[in-house]
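Notes follow the structure.
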């Protein structure tokens, strides 16, 4: 090191890097191995904290107590309560506080998945106060009680002077040895607090919020019952008051089943809290249960502890005050007049020695007494079954039983769920030799004598007698358990597995239209439902053009019946009856400048308006072809209109596009040949038609002027 001469160190050759180093378990300094240092002698206590064993230290031959610390979860590690208890016990040194002698470690076995555990080693104490008070052979005098109470106040006063709260004062945590020394134990809930230490008048001040779920319920003070979190050392003094009262009752004085019941038992003894007896109690969270506890604020401790002296009763009332600020402290309790009156407290060595008594021993003793109190009745002699006399011919019983068939089977599970399950056959005699296949049913009658049965003569009618009702009728030839409907089950039939027509509702009760029903159902529709099935009859060869302005018929948005044999993109309107529609050109649209065959449309090659009235006389209309309709003669007037002229829908020239049609097309379609009276093409004479022209490919034509 710096400033010191270098010491000569023994060096060894450097080991290779891949050299395997043997495993050496780490050592715990300050801890011993429990299997090497201690010999277990038996269990003396158990609880949520762990288990306590009595053991003998091998080196010193003295008896110690091993408190096993339970490791509930490997993820959580060592319990915080155990660490707090070890730290506090290391800081305390007092005759009336249990010391921590050692920490022992038991290694686990990874191959067997056994965890290691830690033991806290403390001196062995022969008794705990709960075991002494539960042992009826232990009789305590007032001097003995005062001696124990003084030692208890000394220990708790030292703890409070060090600014620690025990928070679990109860009879089971107060230990006593054969020398009469009392020691406080179990500091798992103890913790320090900030604030001034208590004196002879006040219990100190605490400004920090602490957990309220502390102290065993039977020893819990009223401020914790009401949910106060800024409690002081007064909670330990309430527990000492409960222990003092337990000296005389030999059992807990407030054994509540719940927090509310605990409050009820406390307030029944010391009175319901008021602003005078417990200032500020109404603002605590637990004050909402005040309607359960009543309104009686009378202190009844003098009636419950009538055998106590006046000073003893005053000392008990001072420890069990509702107001924690006025409750006796450890210093004030030691100076109380109760310890200065006769009989005076004895010295610890003057206390008698009793047999070792712990709380666990009391539990074992009570279980043993409970088992001994249960006297087992002598076993009853098994009586032979009593057969009922039979009046019928005994020769029938000699017949062999018939073969079992389907009638002997129970109904299969799940088949008769809608009916009640058959009940078991009632107890009673069976059919003698034929009943050997029913041993699962009891066949014994109650062990009593049957009354004699006097049958009246057949020729006289006697009223029934009560003793005749006590007798069962003679059994039938074959008894069956009560069944429902068709049991025994019938043989399988096809109709049991196939639906029947009568299981379904009538077909006419369906709510969908008649057209969607089965075609085999040819029954007529009722008049009341006729309007729901009424629909227009469409004929693809009749003139049934749809008109938006036709209000006399109900408007149904139904499409035309589709004909799969027709090209739906070819035309839109239904052709007229008796005439085949004109075929339209197929393939891609012609390019500009190509020669286009005339399909009834009037246009020229260059897409320019015509100069003459008749487009056939123009040179620029040489590619238009003949006009639609019958051919015109070379010379002479045009022929009269045909009796069956082409419809405007065939040429697309006599009407507007299908998506822009209206009633005007109906008015103008009366001249169905598509020409004017003088024979001119109406598509060229009417600017309205020329303005809205579309070719067969859906393209809008240029505007043609006369």
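A Cβ is built for glycine as well, from the same backbone N, Cα and C atoms used for every other residue.
Feature annotations, reproduced from Swiss-Prot:
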DOMAIN    38-339  domain 'Protein kinase'
BINDING   44, 45, 46, 47, 48, 49, 50, 51, 52, 67  ATP binding site
ACT_SITE  168  active site, proton acceptor
COMPBIAS  360-523  compositional bias 'Basic and acidic residues'
REGION    360-706  region 'Disordered'
COMPBIAS  545-570  compositional bias 'Basic and acidic residues'
COMPBIAS  594-623  compositional bias 'Basic and acidic residues'
COMPBIAS  625-648  compositional bias 'Pro residues'
COMPBIAS  659-706  compositional bias 'Basic and acidic residues'
- Task: Could you measure between residue 52 (ATP binding site) and residue 168 (active site, proton acceptor) for me? Cα positions, answer in whole angstrom.
- Result: 17
- Note on the structure: For the recorded positions listed (46, 168), most other Cβ atoms within 10 Å of the Cβ sits at 168
- Note on the structure: What DSSP gives for residue 52 (ATP binding site), in three states, is strand
- Task: Rounded to the nearest Å, what's the C-alpha distance separating the residue listed as 'active site, proton acceptor' and residue 46 (ATP binding site)? Just drop the number here, would you?
- Result: 16
- Specify the count of other C-beta atoms within 10 Å of the C-beta of residue 50 (ATP binding site). 21
- Packing count at residue 44 (ATP binding site) (other Cβ atoms within 10 Å of its Cβ): 22
- Query: What number of additional C-beta atoms lies within 10 angstroms of the C-beta atom of residue 52 (ATP binding site)?
  - Reply: 23
